[in-house]
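Accompanying notes for the structure given below.
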Amino acid sequence: MAGRGVGCLWKRHVVEQLKQRDRVQRQAFEEIIHQYNRLLERSDLQVVFSERLQTDKYEHQNRHDLSPGVDGGRSDSLQQEMAQMRIKHQEELTELHKKRGELAQNVIELNNQIQQKDKEIQSNEAKMLDYHQQISRLEGECRDLRNSLSDLERANQTLRDEYDALQITFSALEEKLRKTLEDNQELVTRWMAEKAQEANRLNAENEKDTRRRQAKLQKELADAAKEPLPIDQDDDIEVLSEDAGKATGETSPSRQLNRTPSKRVSQPPPLPPGGLLDSITNIFGLSDSVQPGFVPSDSRRRRSVNSFGSSPEAAEAQSACADVRVPSTALHIFDAHDGEVNAVRFSPGSRLLATGGMDRRVKLWEVVSGRCEPKGALTGSNAGITSIEFDSAGTYLLAASNDFASRIWTVDDLRLRHTLTGHSGKVLSARFLLDNARIVSGSYDRTLKLWDLRSKVCMKTVFAGSSCNDIVCTEQCVMSGHFDKKVRFWDIRAESIVHELELLGRVTSLDLNHDRTDLLTCSRDDLVKIIDLRSNAVRQTFSAQGFKCGSDFTRVTFSPDGSYVAAGSADGVLYIWNVLTGKLDKTLDKGHSSAINAVSWSPSGAFVASVEKGSKAVLWSDM
């Protein structure tokens, strides 16, 4: 009904506008039309007069012909009068025709203007129709927007209510957390106080025990000093030769003793075996020095101590270089991850194989009878894995990730233990130091960070000046390979660069031999080099026709005894060089279908594992 009323209104408006236009334009042209009608009437009247004059002329001529003599003079005057009237009428007719032509021209122009106005009216009507359609469409959109606005207001009100509820819950939880922290602080304070009391009690008991031993020793020494033992010639003295004493270690009962009577003196009560020596050594803390198999404390301090625990793999790793075999066959080809596989590493005992991929997982595989059986997956990373390493006991696994963090898991229960965050770029490599209580990480943000796993904090940050692609560590030195083609040697204690060595291409990988005297490097100039760490100079360079470094993160490896080098190529071929001869020993091309990203040689020397940009991993051996 509303649409029909709107249609009637605009039609009525158009009719009124047309009537108004007729009134305005008709007033302007009414006089012209009136004059035109009068001219038409006069023209018709002139035609009638002309016809009548023509008739009178014929009649007059006929009468003149009948009576030429009588009416001659009168006829002449009449003819002159008729001629004048004809001329006058002719002029009036000409003037009327002229006005008629002008009026006709005006009428034509007015008709053209009327047609033009009609076209404009039609155009305006079409525009008005379009405008009405747009108005209708916009009204519909306005209604939709009002409905949407009302829905959004309701949703907003709902969200506000939820926010208020969450705020209340958050306040309650925050208060609960504060109380929990206060309780925790109180418990810690009480625990510390009890620990301090226990320590004081133990210290007091130790001090009492020390004073008691000192008093006992002083008494024994005083008693020994009070009772001298004079030796007379009459005493019964057993004389033994040094050789006999050494041979038998005791007095033979059948051996005759030369005795002479002597004056007997009272002997002090015998001390328990080793009693005096034990007392002295206990006082001065030297009891260990007389124990068989004692290792001095300085030697103990120099040993590599695993702060996280021990594992049977630690004993297996001691004989890692027993038998190194050059692989020749792909024992097992399997899909390791959903997507690209970036890292691979054997455990110290060679029983486990770890792989890391772009699917944000570290997977553990148990090497059984030449096959890799899945053992579990380590989760927690928010981006692809770039580097993997086991600690020296095989108890913990360290992985670097593209989410700017490094993480540590326990291998037995597959639990995430530590997450080390602080880098502002992808962490491309992370390594345990030899004490297993600290790690070093290198990142795309051009920094190296030293982390203490006891306090779980970053101890040092060193700016390297270039993206760090890989890291290896000795006891006090960290070696890093960088995007600017340099290998940098860092002193951990001084936080400074000890030495720099520039290669011909971007450094993609570093590895140390078992003796930590040689550094293996791989770079984007498709060369694998060995650097002698005693002279800090390149000792050997390996290359081969067809070998090409596939990425900025291609990892190469030494064999456990350092006599071979293994590297994967961009064409999926595994290359193995002999370090002693410097020549290519073997190429293995039946296993991978894409570029090899990383290679790892098992510490037992029996297996080599390689992973690729596809999803596959290959276990190699000579079996």
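Every residue, even glycine, has its Cβ placed from backbone N, Cα and C.
Here is what TrEMBL records for this protein:
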- 75-227: coiled coil (COILED)
- 249-265: compositional bias 'Polar residues' (COMPBIAS)
- 13-203: domain 'Autophagy-related protein 16' (DOMAIN)
- 244-279: region 'Disordered' (REGION)
- 291-320: region 'Disordered' (REGION)
- 334-375: repeat 'WD' (REPEAT)
- 378-419: repeat 'WD' (REPEAT)
- 420-461: repeat 'WD' (REPEAT)
- 556-587: repeat 'WD' (REPEAT)
- 589-623: repeat 'WD' (REPEAT)
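Between the repeat 'WD' (589-623) and the stretches 334-375, 378-419, 420-461, it is 334-375 that has the most C-beta pairs under 8 angstroms.
Residue counts for the repeat 'WD' (589-623) under DSSP, split into helix (H, G, I), strand (E, B) and coil, are 0 helix, 17 strand, 18 coil. If you look at the repeat 'WD' (420-461), the same-chain residues 6 or more away from its ends with a CB under 8 A from one of its CBs are 304-308, 383, 386-387, 389, 391-393, 396, 398-408, 467-475, 478, 480, 490, 492, 495, 553. Look at the repeat 'WD' (556-587): DSSP puts its residues at 0 helix, 16 strand, 16 coil. Each residue of the repeat 'WD' (420-461) gets a DSSP state, and the totals for helix, strand and coil are 0 helix, 25 strand, 17 coil. Across the repeat 'WD' (334-375), mean pLDDT in this model comes to 93. Across the repeat 'WD' (334-375), the DSSP tally of helix, strand and coil residues reads 0 helix, 26 strand, 16 coil.
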